[in-house]
Amino acid sequence: MTFKSGFVAILGRPNVGKSTFLNYVMGQKIAIMSDKAQTTRNKIMGIYTTEEEQIVFIDTPGIHKPKTALGDFMVESAYSTLREVDTVLFMVPADEKRGKGDDMIMERLKQAKVPVILVVNKIDKVHPDQLLEQIDDFRQQMDFKEIVPISATQGNNVNRLMEILKENLDEGFQYFPADQITDHPERFLVSEMIREKVLHLTREEIPHSVAVVIESMKRDEFTDKVHIRATIMVERDSQKGIIIGKQGAMLKKIGSMARRDIELMLGDKVFLETWVKVKKNWRDKKLDLADFGYNEKEY
């Protein structure tokens, strides 16, 4: 029996459901999710393996017009995947008309030397007539290998998309062990789970200004708990106040919710210590970006 494998990039504007799709396919949380745009900042691999094939999905940051050095990093990180994959999934939402952001991405995709599949997500939110209009509009913009409507939250038609991807795989190596599901270390996943709770619980001005640094992560041999010390970085004192909350209530809530997710992922009891620090304008300082895990070497 021949083994097939390939790399698949998931591209699109912010908030179209790329991470939701990846988590659904993997059957567990690999990429954090929130209703805030630009939640994903780093490229994240989801490694899907069966006895017959391995598909390495690369979830990318939402492509937008960058306003900071962090934004530049995110967009370049997304586009750089075009150089390293066999297929691109270009994801668009069924419930929003084609916009300038979509057109900008398609101009780059037209230059790509790999097949592009249009994935129209969130079909559960629209009438079939509206979906057909959306598909027709995009079909006129460029030549897609396939067009597949799905609902990543409900799983509608995701199996069909997976069948198409499997059909288009070439014979190849198994690049990763069968039990490995992502390329990122546990520390990265832990920091992302904490950041997800900050995004979920805080107001609009906070999300883009937050980074999470894991200062230490080790098992206590006496309690058999994993001790994690994490620092939440923000850009302004006012943001620090919001995250700490009245008498520390917000920070406690963030920690409690994050700890539950981390325990599920690690399969261990966790003692989580969280601190908040101000680092002014860190999103525009390359040294700070590298310190907080946003490194140009990634692309």
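Glycine is treated like the rest: Cβ placed from N, Cα and C.
The GTP binding site feature in Swiss-Prot is assigned to 12-19, 59-63, 121-124.
Residues or ranges marked as domain 'Era-type G' by Swiss-Prot: 4-171.
Across the range of the domain 'KH type-2' (202-280), the DSSP-based residue counts are 32 helix, 27 strand, 20 coil. Here Swiss-Prot flags 202-280 as domain 'KH type-2'.
Marked as region 'G1' by Swiss-Prot on the basis of sequence analysis: 12-19. Looking just at the region 'G1' (12-19), the mean pLDDT is 87.
Annotation source Swiss-Prot lists region 'G2' at 38-42.
Taken from Swiss-Prot, the feature region 'G3' covers 59-62, and the record attributes it to sequence analysis.
If you look up Swiss-Prot, you'll see 121-124 marked as region 'G4', on the strength of sequence analysis. Within the chain, the region 'G4' (121-124) has long-range Cβ neighbours (under 8 A, six or more residues past its boundaries) at 16-17, 20-21, 91-95, 131, 149-154, 156-157.
Neighbour density at the Cβ, taken as the number of other Cβ atoms within 10 Å, is lowest among the binding-site residues Asn15, Thr60 for Asn15. Counting Cβ atoms from all protein chains shown, Gly12 (GTP binding site) has 24 others lying within 10 Å of its own Cβ.
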